[in-house]
Ligand SMILES: CC(=O)N[C@@H](CC(=O)O)C(=O)O
Ligand SMILES: [Zn+2]
């Protein structure tokens, strides 16, 4: 619970922290880092915090596939979490209930304070932190801390609080859910640069939590975020088959401005399809492999500057 005191948001110490890997079993940086930390967790321990490394979808990891029955990172709905049926449920629905029992219950005071969920993308997104709320001042302060600690390397913040496009993530059982999405990395593949970037972001994030728990007050700050606006599907024929690819001018240009009239898709017979929106947007998750099944070629975002209140331990 938060209350305001001298304009500073007061929060309890963040003592229960988890790092999830393998929410998608073919995203290898998170799987590998979490497996490493399960053998020896010294690197992720900090004073006054217990950090638990955890493989969320072991069956998918074993098969090196995104999921077995259904996408675990969409499964944490109130309906799924209360569904009867036990082991007769789809594997990931059952697993979501188990994770909710261990790290939640979602929305309850007993829930974990912070969960970092490690993902890789085939898109050229670089280092991206994913937030689910613009009002979580603890997380906004953490984003600011990580960005400053990483500079001159960069790390962008994707904010998904879209009423229709937001989904029920594994990390959403925590009070402060943080997604970490690093790419480009093919599915089933490890790249050392991507692995190292992910590792250093988790280091800074845990350092922030340690400082917070040691009573450091973080003064008000601003954080640049990219807010999810719209899902854009591939052009399709009447039978629903894809008839175009991401245009070469857009491919790999995640986070770069896309203006009305700019090339967006290239049909198989060589025609260019242009972006027709009303103004400049910042596309991301461009040509993500896992999103073909979700009818998404990319997502558009708009840049926003959020103000984070000061935060301090109560
Ligand atoms: C490529 C990929 O899996 N991205 C994640 C993003 C997130 O964690 O919010 C997902 O769709 O679940
Ligand atoms: Zn993923």
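Every residue, even glycine, has its Cβ placed from backbone N, Cα and C.
Straight from TrEMBL, the features:
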type     : residues                        : note
ACT_SITE : 181                             : active site, proton donor/acceptor
BINDING  : 24, 27, 119                     : Zn(2+) binding site
BINDING  : 66, 181, 291                    : N-acetyl-L-aspartate binding site
BINDING  : 73, 74, 167, 168, 169, 170, 171 : substrate binding site
DOMAIN   : 15-209                          : domain 'Succinylglutamate desuccinylase/Aspartoacylase catalytic'
DOMAIN   : 222-303                         : domain 'AstE/AspA barrel-sandwich hybrid'
Cβ neighbours of residue 170 (substrate binding site) where a neighbour is any other Cβ within 10 Å:
30
Can you tell me which of these binding-site residues sit near ligand 1, meaning the Cβ is under 6 Å from at least one of its atoms: 66, 74, 167, 170, 171, 291?
none
Look at each of the recorded positions, 27, 181, and point out the one with the fewest other Cβ atoms around it within 10 Å.
181
Measure from each Cβ of the recorded positions 119, 167, 170, 181 to the atoms of ligand 2 and list the residues where some distance is under 6 Å.
119
Can you give me the Cα-Cα distance between residue 171 (substrate binding site) and residue 66 (N-acetyl-L-aspartate binding site) in Å, rounded to a whole number?
16
Cβ-centroid neighbourhood (8 Å) of the Zn(2+) site, 24, 27, 119 excluded:
22, 23, 26, 30, 66, 73, 118, 120, 121, 181, 290
Please report the number of other Cβ atoms within 10 Å of the Cβ of residue 168 (substrate binding site).
19
Measuring Cα to Cα, how many angstrom lie between residue 74 (substrate binding site) and residue 27 (Zn(2+) binding site)?
16
